[in-house]
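As recorded in Swiss-Prot:
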type: BINDING; residues: Arg37, Glu38, Asp42, Arg150, Pro151, Gly152, His153, Thr154, Glu174; note: D-ribulose 5-phosphate binding site
type: BINDING; residues: Glu38, His153; note: Mg(2+) 2 binding site
type: BINDING; residues: Glu38; note: Mg(2+) 1 binding site
type: SITE; residues: His136; note: site 'Essential for catalytic activity'
type: SITE; residues: Glu174; note: site 'Essential for catalytic activity'
Amino acid sequence: MNESLLTQFGNSLTRVEKALENLKNGKGVLLVDDENRENEGDLIFPAETITVPQMVMLIRECSGIVCLCLTDKKVKKLGLTQMVHNNTCTYETAFTISIEAKEGVTTGVSAADRVTTILTAVKDDCKPEDLCHPGHVFPLRARAGGVLTRPGHTEGTVDLMRLAGYNPAGILCELTNPDGTMARLPQIINFAKKHNLAVLSIEDIIKYKKITT
């Protein structure tokens with residue numbers, strides 16, 4: 001991680017605190033990982049406050065693969081099986097089967113329909129029969145222990161939601177450049193400044209958790 005580029009947003013502690021303030025106000029944040037890992041930045045929003053305009057931003061400015069990060073407990077409660085039995089992807093990203101709300105959507109692919117699906121899934125009383133499969137929202141199962149166990153965007157998202165006082169469920173999508181390539185740290189920072197978003201790294205969350213928990 002090129003730490004020097006992030007110092008304009010403060011030190012690790014300050015960056016996490018700014019991100020938590022944004023999230024508490026229902027705004028998004030940009031979470032980056034190490035350049036020796038995926039070297040990507042994910043745009044993240046709290047699941048329980050996601051809006052249609054925010055979903056439009058995720059679809060237009062990011063990869064379009066909108067993911068719902070959930071705890072293992074929530075995944076089991078919703079009856080979501082893993083997408084594959086043998087996960088052979090490089091970072092073992094834990095995709096479950098995709099979901100759609102059973103009611104309140106049309107084809108499920110519009111921004112409004114995806115918001116409906118997410119808000120349905122994160123309700124405390126949501127049951128497996130309230131969802132259908134496959135769908136246009138892709139749940140991810142976070143590992144217990146968060147970023148201290150796996151330094152991934154999924155765990156970082158769930159950790160941030162907990163720290164911000166939300167239920168541990170968040171939305172993420174990978175930021176892309178206008179030409180379709182993946183945004184790297186310089187482009188991520190420019191996007192953050194343009195849209196007044198906080199930027200932090202997974203390493204920042206690791207340091208914050210070690211200090212505060």
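Each position is counted from 1, following the chain as shown.
For all residues, glycine too, the Cβ spot is worked out from N, Cα and C.
His136 (site 'Essential for catalytic activity') and His153 (D-ribulose 5-phosphate binding site) are 20 Å apart (CA-CA, integer value). Residues near Glu174 (D-ribulose 5-phosphate binding site) in space but far in sequence (CB under 8 A, at least 6 apart, same chain), listed by position: Glu40, Gly41, Asp42, Leu43, Cys62, Ser63, Ile65, Met182, Ala183. The most densely surrounded of the recorded positions His136, His153 is His153 (count of other Cβ atoms within 10 A of its Cβ). Rounded to the nearest whole angstrom, the C-alpha distance between His136 (site 'Essential for catalytic activity') and Pro151 (D-ribulose 5-phosphate binding site) is 26.
Sorted by the number of other CB atoms within 10 A, the binding-site residues Asp42, Pro151 start with Pro151, the lowest.
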